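As recorded in TrEMBL:
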TRANSMEM  A:6-25  transmembrane segment
TRANSMEM  A:45-69  transmembrane segment
TRANSMEM  A:75-96  transmembrane segment
TRANSMEM  A:116-133  transmembrane segment
TRANSMEM  A:153-171  transmembrane segment
TRANSMEM  A:183-201  transmembrane segment
TRANSMEM  A:306-330  transmembrane segment
TRANSMEM  A:342-362  transmembrane segment
TRANSMEM  A:395-424  transmembrane segment
TRANSMEM  A:436-457  transmembrane segment
TRANSMEM  A:463-484  transmembrane segment
TRANSMEM  A:524-545  transmembrane segment
């Protein structure tokens, strides 16, 4: 990708964000033509903002990458990311708003009247926020690496610094206008290129992807290998190599790669002829093979059905526990508006996620080399250049890069804000960290360090893990807290600790790569199937066992959560 | 393995040694201290402590629940078989043995209680209670109940102990009365604040509306509507809390009426982040501050007055600032106003708002006022977005 264009795209996005923020916030008028009531954030505007903050690097980059690498099974990711809001709409949105809570710990305290539950919830929110920040920073590192060639950890560091500065300076607050703008920016950054890509695909006589075979190079392609990689060649292929291959250093030599494993060193360029089968690293070999287009046929992690259910449970139930999503609902004036917002969000996210499979499919056709290098998350970024090329390709590439930048900036800043708020209020007040600006530093330093330590985790997978923890801790708390009078503080604490804690342990083990392949790994990598029931069961059973601890104000609280607001007043008499 | 193993063993050994040394040192010191102070001092400290504990529940007033808790803690201190707390007509709590004397005691509670001893008789053999000593409990100098100590034999020591304990309990009943009085005063002040819309304001508003009736009937109608809405909000009775949106709407109505009177001399800028409009805050918390700004800005000078109201999002809090370019104030005088020692003429607006904010959100959420003579005034308040118990009633 052309660096100048890419950097220009990212810079333009940052500038536009600052500009919209400055203009949106400073709306000031004299009293005569100004009514506060009419200025409460309209549900639809808030829906744009929720979507803008929610569509992260995992959605923008990761989903297409997963579809490219692992096929249609991965379409459950966009479905789950969207359907989570359906569950939120049905069970949580309006009562949560009526509770008056700003953060999840606030809700825990409002409903259960216990500081202890509040503190446990605070720790879990911080854990989920950090888990979710991890893939954002990785996406940032990936984007900046493709744009500038800087190593991935540097990109993550740069973004962390930008977000810290912005949040600490008060620039990237939960400004509704900015986040709403980010949604449209992201949608545009995907929609416009995909139209051109489809035109280019038609001009290319619309080749159909070879669904059930190994991916092939549709055109002659030059592949740059940054990190050493061992691939398995299935049929001999003549390539031109500059760099290291099988321990030999060569410069622009044509050679025939025979059947069997071959090792490319770092900084090696390999030119494949058109029609050659893409040699794949052993790790991804069996996944990217036959059955790409057929659900559950590939032996993903060997237990495809279980993994799919794990994914569905985590994403469907996890959305309601995401700290940066919950705080946005506070902006709605009442429960009714919160519901309307959620309905709009469903539509907006649906529109966005429709585009992702297209990128995955086009990537299968035109960028199969990403399977070789393992950078499948980059497929959205490289496609314009591959398919269109020239100035137009560069411009579209810059647009996509800008969109990716918007994706990780908006989500990362929203998450950092929420985590910093909870850190300052519930976790670290004893250390004298009263103001959330001071808490910004630990809020983002920990995931930055972790992203430097943790190597190779696909962006969307890491997000799935954050969803799993959220689904097994806050889903039981919110659903039972809103719909069951019998919930007690000890029950809530037990459920949060057992459900969330077990999921968190499983997730940490997965990220650290501690589990054996096979069932142990599958169970740990998709914990939601067992950890969500554990969370619910612990909450219900311990609550039943401690029936005398039901908070005294339960009836009042429940009435407040569930009684609808009076209907909105009609237009004022003329 | 050997090197690592040895190292690990050494480390573990060191840790055990340090723990042991610390434990031993602590135990030795405790023992020394134990030997040093006498038994009497410790007994006294324990007695004082128990007496405080026993009296504490009565801080909430004299009722069956508080009486029961006080009696339970008091009986071990007086070392009697049974003990009762009564109000002027009935036994509220009986702690200890021989509760069959309860009715007998209740029969004696006629008329205002006064100190005396009396026999208690019953047929039960081995009943540990043969007589009782009654000492009145007072609140604000009036008897409100009695403490009855029951024992097997009549001793003056027990009677004196009952007197002393009753005196100690009465102290906390007095405090409970004070608490209630303070709450009443607060309530009255709140009511005064709601009714504080000054007669001047009403007179001036109506006069300026009247001036529009002929020239601009439409404007006059709008202003009357504003006036009605404003008074309805200010005289509202339900709930101690409201939302920032409602409070700001009322301020707008107020300022609109003021502008009808002052015209171009008054310039108002509102800069409100829409995200903070749902924030809940104590009722009538901003309106007195705006009124204050208006008074300083306009009524005490002839210049053009600029009032700026900003509300910003600060993560878990909202920051609201009200700024005017008026005559300002001497910081010393301001301090006196906030302390409530500036005399009656100052109104109760500022100090009342400050006190209510501190009461609801804690001492670090009071008003922050920047001012000087001739330098204008800026009042800043920070409102947490959520605080348990702070709930606005649904909008009407």
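Note: Cβ is positioned from N, Cα and C throughout, glycine not excepted.
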Problem - Spatial neighbours of the transmembrane segment (A:524-545) far in sequence, C-beta under 8 Å, 6+ residues away - result: 301, 306-307, 309-311, 313-314, 317-318, 461, 464-465, 467-468, 471-473, 475-477, 480, 484, 486-488, 490-492, 494-500, 502-503, 506-507, 509-510, 515
Fill in the blank from the handout: Given the transmembrane segment (A:463-484), its same-chain partners at Cβ distance under 8 Å and 6+ residues beyond its ends are 56, 58, 62, 77, 80, 84, 91-92, 95-96, 104, 107-108, 111-112, 121, 124, 127-128, 131-132, 134-135, 310-311, 313-322, 492, 495-496, 499-504, 506-507, 510-511, 525-528, 531-532, 534-536, 538-540, 543, 561-562
Practice task
Examine the transmembrane segment (A:342-362) against the transmembrane segment (A:45-69) and state whether at least 3 Cβ pairs sit under 8 A, considering only residue pairs 6 or more apart.
Solution key: yes
Exercise for the section: May I ask which of the stretches A:153-171, A:183-201, A:306-330, A:395-424, A:436-457 has the most CB pairs under 8 A with the transmembrane segment (A:45-69)? Expected result: A:395-424
Practice task
Report, as numbers and ranges, which residues of the same chain sit near the transmembrane segment (A:306-330): CB under 8 Å and 6 or more residues beyond its ends.
Solution key: 46, 49-50, 53-54, 73, 76-77, 79-81, 83-88, 91-93, 96-97, 101-104, 107, 125, 128-129, 132, 174, 179, 295-296, 300, 338, 341, 411, 414-415, 417-419, 421-422, 464, 466-471, 473-475, 478, 522, 525-529, 532
Handout entry: Stretch in A:75-96, A:116-133, A:395-424, A:436-457 most in contact with the transmembrane segment (A:153-171), if contact is a CB pair under 8 A
Key = A:436-457
Problem - Residues from the same chain, set at least six apart from the ends of the transmembrane segment (A:183-201), whose C-beta lies under 8 A from its own - result: 13, 16, 48-49, 51-52, 55, 60, 207, 348, 351-352, 355, 358-359, 362, 365, 380, 383-384, 387-388, 392, 396, 399-400, 402-404, 406-407
Completion exercise
Given the transmembrane segment (A:395-424), its same-chain partners at Cβ distance under 8 Å and 6+ residues beyond its ends are 1-2, 5-6, 8-10, 12-14, 17, 52-57, 59-61, 103, 105, 122, 125-126, 129-130, 132-133, 136-137, 139-140, 143, 146-147, 159-160, 162-164, 166-167, 172-174, 178-179, 182, 185-186, 188-190, 192-193, 196, 323-324, 326-327, 380-385, 388, 433-440, 442-444
